[in-house]
Structure formats: structure tokens, C-alpha cells
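Here is the structure we will look at, set down as C-alpha cells.
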Amino acid sequence: MKKKLKTFSLILLTGSLLVACGRGEVSSHSATLWEQIVYAFAKSIQWLSFNHSIGLGIILFTLIIRAIMMPLYNMQMKSSQKMQEIQPRLKELQKKYPGKDPDNRLKLNDEMQSMYKAEGVNPYASVLPLLIQLPVLWALFQALTRVSFLKVGTFLSLELSQPDPYYILPVLAALFTFLSTWLTNKAAVEKNIALTLMTYVMPFIILVTSFNFASGVVLYWTVSNAFQVFQILLLNNPYKIIKVREEAVRVAHEKEQRVKRAKRKASKKRK
């Protein structure tokens, strides 16, 4: 069942990206439904471009889209956080039922499902919000790269159709990417090489690729990642999560100590 769900999720994700991978010019005469969605996004950005400032339109529309998707993001992050919290216990179960013996695999799956139910965790709850978000964000990205009237104009003296010659936007995009990834991983129960690599590799990739992208696209990346930093600090603040976790450990330790003291007193009375 687990493998089927993973495969289904992968198919949905791949399908979304394949549908959105066209590169040709998009206009009001474009034939496909996807291109009409992309064009609708572009017209919305144009409508928000007060004083014909496409850069301002990109910023406002990106903020609106990210704000609308905040509940989905919050659902995704809370589910991921719950999964992180029970990871140590899941590893203990995997040690208890090692190997690929069918009986062990069945017992492992049963105990994992019982744990998920007891903790109110759905291991796939973080996948569905992501699958909904990706096509929306990809449509916004394609609106900036495939619709002609969004490729022109300036923003703070930057030509939106050209790479930023001062490298200000690429640096900001990389910085906010780093901050969002670092904050997301800071509260992880268990750190691993993959998380560490993601924290540093993703900003580097964004930085390098931004040197050659049009400033309008990099402006979108910058605003989107800056908003994500705001979302994390507002809804899933890692410092608060760590504080709550440490408090829970402290309370559990004090309870354990009280139980031990009570047992010692009871033992002395019996003597």
C-alpha cells in the first residue's frame, strides 16, 4: 500500500510538471487549457501593475498567491513536523523487525500504522498540499517566461527582460532560499547529510542560475522565498518548536524523577 501511494504521488507530480513544460509563446489565442491558465496569471499580473510597473505587479501577484496557499503550506509543514517527531520511534521499530522477512515486514507495517493512528499522523498528508502548490507556482513561473508583455519594462532601473547586471536580485534570491531552507531544517529532530546538503546546495544553484535568468523571473524567486521565510517564522517558528520540545523533555524528566523518588520512599517504608 505504501509503495502504491508513493508511486501514485510520483505520477501526479511528474504529470503536473510534464503538462507545464511547454516553452513556446503564450497568448490569448493559445489552444491548451494549461496555456490559458498561464495567460490568465499573466493578465492578473498586468492588472496589478500600477503605473505600468510590471515589477510591482510581479511582487503583488506573487504575494497574493503565496498568501492564498498559506493554509496548504501550514498543513504540509505540520504534517512534516509530526513525522520528524516520531522518526526515532520508527527507527526503533525498524530495528525490532529487521530484514525483508514477510512476517517481520507485516508486523512492522502494523505497528507503524498503529503509531500513526495513535499520534494522529498521516505520512502522506504533506504530499497532497505540495502537489496542489506546484502547478500553481509553475503556472506563475511560466507566465513570466512565456508571455511577451511580462518580459518588458523596468523595476528600480532593472530591465525585467535581462539578467541583473548588478547581481543584487540573484544574491537576494539565494539568501532567502538559504534562510527558508535553514529555518525549515533547524527544528529537525535528526540532522542528516541530505538536509545539510540541501541547505547549502539549493541556494548555490539558485545563485548560479539567476545570473542568466531575466530579472523578472529572479524577482519572483526573491519575493516568493522571502515570503516563505515570513511564513516559517509566523506559522512554524523553529525556535518555538525547539522550546516546546525542550519543555516537554524537561517535564517528562521531572515526572520520571518524582516516580523514582516515590518508589525509593515506598521501598524504605517496607524495610
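Glycine is treated like the rest: Cβ placed from N, Cα and C.
Feature annotations, reproduced from Swiss-Prot:
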- Cys21: N-palmitoyl cysteine (LIPID)
- Cys21: S-diacylglycerol cysteine (LIPID)
- 1-20: signal peptide (SIGNAL)
- 45-65: transmembrane segment (TRANSMEM)
- 124-144: transmembrane segment (TRANSMEM)
- 163-183: transmembrane segment (TRANSMEM)
- 201-221: transmembrane segment (TRANSMEM)
Please give the sequence-distant neighbours of the transmembrane segment (201-221): residues at least 6 beyond its ends with Cβ less than 8 Å from one of its Cβ atoms. 54-55, 58-59, 62, 140-141, 144-145, 150-151, 153, 155, 158-164, 167, 169-171, 173-175, 177-178, 181
Please indicate, using numbers and ranges, the residues of the same chain that are 6 or more beyond the transmembrane segment (45-65) and have a C-beta under 8 Å from a C-beta there. 136-137, 140, 143-144, 149-150, 152-156, 158, 160, 216, 219-220, 223-224, 227
